[in-house]
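Feature list (source: TrEMBL):
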TRANSMEM  32-50  transmembrane segment
TRANSMEM  57-80  transmembrane segment
TRANSMEM  100-122  transmembrane segment
TRANSMEM  143-163  transmembrane segment
TRANSMEM  194-212  transmembrane segment
TRANSMEM  224-245  transmembrane segment
TRANSMEM  251-270  transmembrane segment
Amino acid sequence: MTRRHVPWLLLALLVLIQICYPLSTGVTRARLTVATVVLGYLLAVGHALLTRGPRTAAALVAVATGGGFAIEALGVATGFPFGSYDYSGELGPKLAGVPLIIPLAWTWMAWPAWLAAVRLTTPAARTPAARTPAVRTPAVRTPAGHVGRVALATVGLAGWDLFLDPQMVAEGYWVWRDATPALPGLPGIPVSNYLGWLLFAVLLMSALRPLAGPAVAVTGSRDAPMFALYLWTYFSSVLAHAVFLRLPASALWGAAGMAVVAVPLAVTLLRARRRPADRPAPARTGVDTPA
């Protein structure tokens with residue numbers, strides 16, 4: 001097994017655990033939740049390390065894991081920026097009232113959300129004469145382009161919480177002291193929570209590129225596991241909430257929220273796969289053209 005196979009192996013294990021989640025209950029389900037987050041964290045950070053090196057992995061850990069813990073500790077202590085809430089003891093050991101796996105969850109989805117945004121905001125360059133596959137140009141070089149990328153990555157991450165929070169609250173993993181006002185169909189979770197997610201997500205994504213360096217401003221075939229992770233999270237969450245977890249409202253809200261990134265990403269990747277097949281075959285000397 002080569003290094004490029006490691007992310008795919010971790011993703012396969014993650015998918016297997018997540019399939020088991022709706023089929024379990026009680027303590028087993030809580031343990032599967034912890035296992036999912038830990039495995040997702042290893043997948044995201046491991047992919048960053050293997051594809052872009054220590055600087056990128058360290059930057060991701062600093063802004064997503066470190067920043068995630070800081071914002072959660074602030075939230076538990078003060079109620080800002082999410083609202084007032086408390087974690088139960090089912091998610092493992094805590095520090096400053098925050099289960100240690102919570103910052104890992106921020107990291108797990110921040111990385112694929114960022115790469116998806118890069119993929120969608122970086123134009124493909126072609127070399128028609130050589131008939132080479134489309135590649136991604138090195139970077140978005142304008143301030144407006146960078147702002148658009150950060151905005152898309154922010155929505156890509158924050159949209160996930162439209163699935164996550166209703167699911168975790170339904171399991172009793174955390175509880176909100178004041179859950180009003182709430183989104184229609186999602187009682188028990190204040191709107192301030194989603195606004196807090198948007199705030200931290202934009203700070204996280206804004207800091208990631210300067211700290212991680214230019215390597216995170218371009219995508220390629222090596223990032224396929226992260227695109228697969230993002231799309232799997234989207235489509236499996238819609239199915240799980242609608243069918244297995246009996247949370248139809250969050251299925252609709254989450255489907256709409258993550259679709260901003262997931263649907264264009266899926267379309268872009270499908271078009272990229274079909275593009276080589278659409279090109280005419282090279283001419284054969286002496287058959288299609290004169291010798």
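For all residues, glycine too, the Cβ spot is worked out from N, Cα and C.
Note that TrEMBL annotation is computational and uncurated.
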Chain residues outside the transmembrane segment (194-212) and at least six past its termini with a C-beta under 8 angstroms from it: 52, 55-56, 59-60, 62-64, 67-68, 71, 75, 80-83, 106, 110, 113-114, 117, 146, 149-151, 153-155, 157-158, 161-162, 165, 183
Cβ contacts under 8 Å made by the transmembrane segment (57-80) with residues that lie 6+ beyond its boundaries: 41, 44-45, 48-49, 86-87, 95-98, 102-107, 110-111, 177, 196, 200, 203-204, 207-208, 211-213, 216
Same-chain residue ranges lying at least 6 outside the transmembrane segment (251-270) that approach it to Cβ under 8 Å: 113, 116-117, 119-120, 152, 155-156, 158-163, 166, 183, 185-186, 227, 230-231, 233-235, 237-238, 241-242
